[in-house]
Amino acid sequence: MYPLLDRIEIPAQLRTLKRNQLPQLADELRNFLVESVAGTGGHLSSNLGTVELTIALHYVFDTPFDRLIWDVGHQTYAHKILTGRRTGMARLRMQGGIAGFPRRDESEYDAFGTAHSSTSISAALGMAVAARLKGVKQHAIAVIGDGAMSAGMAFEALNNAGVMDANLLVILNDNDMSISPPVGALNNYLAKLMSGRFYATARRAGEKMLGVVPPVLELAKRAEEHVKGMVTPSTLFEEFGFNYIGPIDGHDLDILLTTLNNIKQLDGPQFLHVVTRKGKGYKQAEEDPILYHGVGKFQPDQGIVSKPSAKLAYTQIFGDWLCDMAAKDSRLIGITPAMREGSGLVRFSKEYPDRYFDVGIAEQHAVTFAAGAACEGLKPVVAIYSTFLQRAYDQLIHDVAIQNLPVVFAIDRAGLVGADGPTHAGSFDLSYLRCIPNITVMTPADENECRQMLYTAFQLDTPAAVRYPRGSGPGVQIQQEMQTIPLGKGEIRRQGKQIALLAFGSMLTPCLEAGDELDATVVNMRFVKPLDQELVATLAAEHELLVTIEENTIMGGAGSAVMESLSSLDKNVRLLQLGLPDSFIDQGDPAHMLSDCGLDKAGIIQSIKERFSL
């Protein structure tokens, strides 16, 4: 079924193939990708778009000696298949299986771990400089998408790399434009010319010679820019100190191989612009690459078949609230750093296009942009994943909290996220938020509470964060009428004896189950900041043991807030803190992951019985 692919376990075997065999290999690899991802779920569109580029890179460069770094990393399935992990694709993103992103501890071919965007150029530059200092003739290659290139970190790295004169190759994987046949053919020819040794040598010699005659040098430079500017996007990357080549067709193996072989002979920073098509080779993914960006299991001959869910996802609850709130208050604006679909802003973007702002992969900018808007009387709502808010921590403190501005942070993917693993888990937000002055931090336990907490946050004139998990809640009916929740007040959901379970957010459901068996008091704490200290004091006076349960790291989290509150009381009460351990938790089924952390009914009961004789 896969005659060429079956012969390849490592790139060294790939390099034994003849060039005219590589198009067939690309077809086989693409077919295998569709079949494999259909059986496991995962990222599809981006991987189908990088098949030829992946083959060409491993064919031309001596990996793993030459360092190959994939930005974001969700487009690395072909890379994993060609580097000894084809059989592992059957357990892609599953517990004990291979990761959906590059991991250094998984393969020597994964030179750098990635999952968040725009880090590849910085990492590759560090490796290139290290090779130079060690006197090693080694190539460092960063493959970065056009979306990731919009982030400030990518341009910081380009700015630094241009003056380092290291052997760095940056490949821009541009899948947001198309090449018309005549322009494409001319660009392909010019790419061969500009990546050749003769052109590079002549260019450097000309710069040295004309450098002694500044007016002539400037005239020559402008002439070169004028000619190249007619057929290439711009000379922006030349201004950073790179030799710019392209754009070229990223699905034409002949031009890819020729260009990469030429670049391999050059010294200094090189920039190759390739144009690819997301979903290439699979009709459904080509027609709707966003739908097929991240997929569950499906039948390849049918494609994705939408199935209505019995429960609303928290993401949809947020999106519906945002539209309802926007209808009531014209000051509301919605901001997302390139996560319209993932954060639930599709409907809002269509109904309120003038109040919707997708700022690109620019989390730092998103937060300060919101702060500026808040200064002028608007009410910004920043929809962001917990793991990505980490990237804007200084802006959160310096630009929002210190100025006490009314910005609402709708924090999705709080806690464990399943198949995406530790790079995308929201394990730390309670810890890194609660230590910031002026901010209110809320943790809804169900669907209706999420809606009402978002409304409560919006009514405040100070910064506020509502953090909610991936997926759906326990199935509580949503009250359409919006009401504020008393600030900093928890609620007792079950009255028991001896033991009090203080649940934060998603942990209320397993705590209620455990509480029934233990005959324990169960409290929905609701707020991490301000903490309901009066309730904590009452619970401490009436119980022998308090147990805090949170889907956040134990260190510095909600349990720590309770412990700090207890330290000011003259009460002889024991405290047990349950939460995520001081380690990065690998991918898996969310329910199994929580069970492994002791955050289900059985785990909570077992932890209490192991620690205390009750």
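Just so it is clear, glycine is given a Cβ too, placed from its N, Cα and C backbone atoms.
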Legend entry - Record-annotated thiamine diphosphate site (Swiss-Prot): member among His58, His74, His79 besides Ala115, His116, Ser117, Gly147, Ala148, Asn175, Tyr282, Glu363: His74
Legend entry - Cβ neighbours of Asn175 (thiamine diphosphate binding site) where a neighbour is any other Cβ within 10 Å: 22
Inset, instruction - Would you pick out, from the binding-site residues Asp146, Glu363, the residue whose Cβ has the largest number of other Cβ atoms within 10 Å? - result: Glu363
Inset, instruction - Check each residue in the chain of His116 (thiamine diphosphate binding site) that is at least six apart in sequence and keep those whose C-beta is under 8 Å from its C-beta; list them in sequence order. - result: Val72, Thr387, Phe388, Arg391, Thr423
Inset, instruction - Which residue among the binding-site residues His74, Gly147 has the fewest other Cβ atoms within 10 Å of its Cβ, if you could check? - result: Gly147
Inset, instruction - Out of His74, Asn175, Glu363, point to the one nearest Asp146 (Mg(2+) binding site) in space (Cα versus Cα); all of them are binding-site residues in the record. - result: Asn175
